[in-house]
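If you check TrEMBL, you get these features:
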- Lys10: active site (ACT_SITE)
- 66-145: domain 'GHMP kinase N-terminal' (DOMAIN)
- Pro95, Ile96, Ala97, Ala98, Gly99, Leu100, Ala101, Gly102, Gly103, Ser104, Ser105: ATP binding site (BINDING)
- Asp137: active site (ACT_SITE)
- 214-277: domain 'GHMP kinase C-terminal' (DOMAIN)
Amino acid sequence: MKIIESAQAKINLSLAIEGRFDDGYHDLNMIMQTVSLADILEIEELSEGISLEIDPDVELPDNQDNIIWETANKLIEKYPKKIKGLKIKLKKNIPIAAGLAGGSSNAAALIRGANRLFKLKLNWAEMRNIGAEIGSDVPFCIKGGTAHVKGKGDQIKDLNPLKNYKALLINPGFKVSTAKIFNEFSNGDYEKLNIPTAKLVEIIELNKKIDWKEGWGNQLEPVTFQLFPELKEIKEWLIENGAAHSQLSGSGPTMIGFFNKEKNLVSLAKSWNRKGKSFVVDFTKGY
Ligand SMILES: C[C@](O)(CO)[C@H](O)COP(=O)(O)OP(=O)(O)OC[C@H]1O[C@@H](n2ccc(N)nc2=O)[C@H](O)[C@@H]1O
Ligand SMILES: Nc1ncnc2c1ncn2[C@@H]1O[C@H](COP(=O)(O)OP(=O)(O)OP(=O)(O)O)[C@@H](O)[C@H]1O
């Protein structure tokens with residue numbers, strides 16, 4: 001049997017940094033949101049081993065260096081009686097190393113898919129625990145939707161899923177290493193942003209309309225802008241073209257445009273004629 005699992009991208013509605021843990025990881029306070037831009041995984045049982053197929057034009061390893069392979073290995077190790085081997089075909093749509101959790105979302109999709117295919121009967125919490133062994137963003141990506149995520153990504157409170165919001169994403173076409181951004185952040189002295197995550201959580205829980213003009217913020221923006229000043233121009237372009245607010249997603253480099261007023265985002269996205277790609281996305285309720 002073959003099953004299809006979608007792997008949605010995530011954006012950060014807010015990202016504040018509260019401190020640092022002894023192991024060097026940063027203590028985060030974020031609101032995360034899944035969006036309709038998604039990769040597709042086809043998952044099948046194999047009698048043994050792992051096979052990973054990716055379009056040749058996608059610059060990703062099809063071996064143990066791929067997070068999908070790592071996840072497949074972990075699942076086979078954990079459930080040897082039920083899972084003998086895994087064949088996965090990946091259709092990549094989410095830009096790579098973009099701040100959109102593309103890899104984490106792929107890992108989460110494989111965990112969900114294996115749960116269905118092999119009737120593992122894992123609940124959300126159990127799947128999130130497996131995801132936490134793979135990477136910081138994987139637990140959120142298991143269920144997706146709208147969530148308040150803290151710590152290293154391991155403390156998750158699901159919020160009322162936001163409906164009827166869209167955003168315009170601009171990815172400038174180059175990759176950014178998350179480790180490099182956190183490293184620069186911890187060694188430098190960057191502007192401290194006021195990021196009212198708690199206020200946004202309250203607005204979401206009370207089902208109030210979000211005013212994007214409040215500018216919820218991402219504390220990794222000052223450092224990422226210093227390293228890649230061209231991102232500031234994308235932010236300016238989004239604001240000039242009607243966005244109420246624009247900010248970096250994750251550790252970048254994708255910039256998000258949030259709009260308060262109705263606007264033809266498809267035609268605005270088409271008018272992006274500089275380097276990179278534009279995507280109109282809907283907020284999704286997750287899985
Ligand atoms: C910034 C976020 O994108 C927010 O959504 C994620 O927390 C990053 O998640 P990710 O890409 O899965 O990153 P990981 O592979 O876990 O971490 C890459 C590197 O970033 C740094 N890192 C990551 C997460 C964190 N809370 N503090 C850190 O300092 C660490 O040096 C780590 O080695
Ligand atoms: N299946 C995969 N999809 C994307 N990247 C992968 C995958 N497997 C391994 N990688 C590697 O992981 C690195 C991070 O890629 P990814 O697209 O997950 O970053 P990201 O969107 O910045 O994630 P985050 O928002 O969680 O920081 C890349 O350098 C890539 O080579």
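Just so you know, glycine gets a Cβ as well, placed from its N, Cα and C.
Curation plays no part in TrEMBL annotations; they are all automatic predictions.
Counting other Cβ atoms within 10 Å of each Cβ, the recorded positions Lys10, Ala97, Gly99, Ala101, Asp137 show the lowest value at Ala97. The distance from the Cα of Ala101 (ATP binding site) to the Cα of Lys10 (active site) comes to 6 Å. Proximity of the binding-site residues Pro95, Ala97, Gly103, Ser105 to ligand 1, judged by a Cβ distance under 6 angstroms to any of its atoms, singles out none of them. Ser105 (ATP binding site) counts 28 other C-beta atoms within 10 Å of its own C-beta, drawing on all protein chains shown. Taken in sequence order, the recorded positions Lys10, Pro95, Ser105 that lie near ligand 2, meaning a CB under 6 Å from one of its atoms, form an empty set. With every protein chain in view, the residue among the binding-site residues Pro95, Gly103 whose Cβ has the most Cβ partners within 10 Å turns out to be Gly103.
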